[in-house]
Amino acid sequence: RPFARFLLRLLGFIFWGTAAVLAYGGVFVILMHRNYRYLFQESFIALPGWLAVAASLVLLPTGILAVSISVKNSRYQQGALMYFLLILLCLEMSSVVLAQFYSIRMASELESTMGHLVYHYNGTPSQAPDNRAVDVIQRKLQCCGVQGYMDWLNTTAASWHLSDEKAQLPESCCKEKYSHCNGDLGHQEQLYQEGCLKKLEDQLHFVMFFMFWCCAILSVLELLAGVSNGILMRHQPFHDLRIL
């Protein structure tokens with residue numbers, strides 16, 4: 001019992017710290033969906049992030065209960081802790097499953113969606129939301145084209161109605177330090193040359209990998225808390241069913 005009390009108190013403090021980490025991962029997913037919503041056609045892509053944020057909020061009272069139970073045995077607090085742990089396991093497992101599902105699904109859709117936006121770019125970002133989306137993505141990720149800046153050579157003449165010799169890249173492909181850059185291919189040192197697809201996929205894989213391991217480690221800690229709480233509950237059996 002002394003070891004169970006110590007472990008439960010330690011896990012209570014750990015839950016408070018991991019709540020911030022889990023909230024960070026959830027907010028990252030939500031912001032990623034908001035920043036690149038034109039590419040993510042599935043509107044529920046932010047759902048794993050919201051589940052992670054909800055789990056982080058539940059972790060706060062769970063940590064308080066764990067520390068409180070380690071100080072004094074309260075049958076109602078012990079029962080409430082078990083319920084909170086069960087809710088957390090459901091939230092985290094749901095977040096992990098959805099994160100893995102959407103990461104696999106979106107990886108196959110990103111290339112076609114972004115390729116469509118690039119091909120139909122017509123150089124008037126103020127008149128078309130799709131054009132603004134391409135410019136925003138290229139500026140935020142500091143990239144150019146889908147696989148690389150050469151993608152624009154195949155789409156400029158068709159979409160911008162320009163001849164090959166006058167073909168140029170969007171100004172969003174220009175590096176920020178070159179204020180006079182106008183997308184001229186004759187000055188490639190002023191342009192981002194890496195494609196946006198790889199950077200987007202790297203961000204997507206990173207955040208999903210982060211969410212997966214964060215939830216997996218938390219689930220193990222919560223199981224340990226449940227076992228510790230169960231040991232304390234065994235030494236103070238319930239005499240009625242009011243705890244339910």
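Glycine is treated like the rest: Cβ placed from N, Cα and C.
Note: TrEMBL annotation is automatic and uncurated.
According to TrEMBL, the disulfide bond annotation covers Cys143-Cys174. The transmembrane segment annotation in TrEMBL covers 6-32, 44-69, 81-104, 206-227.
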Other parts of the chain folded back onto the transmembrane segment (44-69), taken as Cβ under 8 Å at six or more residues beyond its ends: 8-9, 11-16, 18-20, 22-23, 25-30, 33-34, 77-78, 80-81, 84-85, 87-88, 91-92, 94-96, 98-99, 102, 106, 211, 214-215, 218, 225, 229, 232
Cβ neighbour count within 10 Å of Cys143 (disulfide bond): 22
Beyond the flanks of the transmembrane segment (206-227) by 6 or more, those residues with Cβ under 8 Å of it: 4, 7-8, 11-12, 14-15, 18, 21-22, 25-26, 28-29, 32, 48, 52, 55, 59, 62, 66, 81-82, 85, 88-89, 92-93, 95-96, 99-100, 102-103
Sequence-distant neighbours of Cys174 (disulfide bond) in its chain (C-beta under 8 A, six or more apart): Cys181, Asn182, Gly183, Gln190, Leu191, Tyr192
